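Peer 1: A single structure is presented below for examination.
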Amino acid sequence: MSMLCYTLIIAFLIGIWAAPKSEDNVPLGSPATSDLSDTSCAQTHEGLKTSRNTDQRHPAPKKADDQELGSVANIIVDPKLFQKRQFQSPRVLFSTQPPPLSRDEQSVEFLDNEDALNRNIQAKRQNHPVHDLGEQSVCDSISEWVTKTTATDIKGNTVTVKVDVNLNNQVYKQYFFETKCRNPNPVPSGCRGIDSSHWNSYCTTTQTFVRALTMEGNQASWRFIRIDTACVCVISKKT
């Protein structure tokens, strides 16, 4: 009987000694598990914070298309600004497509695709004035709507002209109606109809100032710029 008791006691002690003592078998919520969880959470939080800081210091590069669209969208103009009379000019127009050649309006305009198309159709239907065969211009000129990227302002400085403008979430182009000489010498002697035996003559393009939307740093501002507006004959008496 005593031998049986000794055998059971020895087996019990061997079982206790052989039991695993690793922290993996510690019950959930014990101090060892809490320390491991806190350490793991702290390391994870620190890793996320470091990742965010790295992303902020090294932002992902933007695509070229995104940068191009951003440069257009950054310049947003309030349409009320154009209602002021001092900013209106018959030679400046904002449109989504090239406007017709006829310049029949006397103020700054905003044309969308449909309006510009209707204006083009109306311009084609207009009857051109018929001149008598004996009437001819002293100088031949050509008129057209153009866009500009740079121009000379009233102070003689070269400025950047805003081509695309965001108005009411729609991109418009800024057009200028220019008139220039087709040829400085429409006839071999110079201007047409000038007595070349007494006068020297030639045709030249003259300019005037109009208000245009320009860029000054990152700000859009109004400036007077020079554009071609007429073709005139210059004469001088022969000596």
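Cβ atoms here come from the backbone N, Cα and C positions, even for glycine.
The model shown is predicted, which means the values in this text are computed figures rather than measured ones.
Annotations for this protein, taken from Swiss-Prot, read as follows:
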type: SIGNAL; residues: 1-18; note: signal peptide
type: COMPBIAS; residues: 47-66; note: compositional bias 'Basic and acidic residues'
type: REGION; residues: 47-68; note: region 'Disordered'
type: DISULFID; residues: Cys139-Cys203; note: disulfide bond
type: DISULFID; residues: Cys181-Cys231; note: disulfide bond
type: DISULFID; residues: Cys191-Cys233; note: disulfide bond
Peer 1: Could you tally the C-beta atoms, other than its own, that fall within 10 angstroms of the C-beta of Cys181 (disulfide bond)?
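Peer 2: If we count other Cβ atoms within 10 Å of Cys181 (disulfide bond), we arrive at 21.
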Peer 1: Can you tell me which disulfide-bonded residues out of Cys139, Cys191, Cys203 are within 10 A of Cys231 (disulfide bond) by Cα, answering none if there aren't any?
Peer 2: Cys139, Cys203
Peer 1: Let me make sure I understand the structure: which of the disulfide-bonded residues listed (Cys139, Cys191, Cys203, Cys231, Cys233) has the fewest other Cβ atoms within 10 A of its Cβ?
Peer 2: Cys233
Peer 1: Cα-Cα, whole number of Å: Cys191 (disulfide bond) versus Cys139 (disulfide bond)?
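Peer 2: The separation of the Cα atoms works out to 6 Å.
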Peer 1: Rounded to the nearest angstrom, how far is the Cα of Cys139 (disulfide bond) from the Cα of Cys181 (disulfide bond)?
Peer 2: 7
Peer 1: In Å, rounded, how far does the Cα of Cys203 (disulfide bond) sit from the Cα of Cys233 (disulfide bond)?
Peer 2: 4
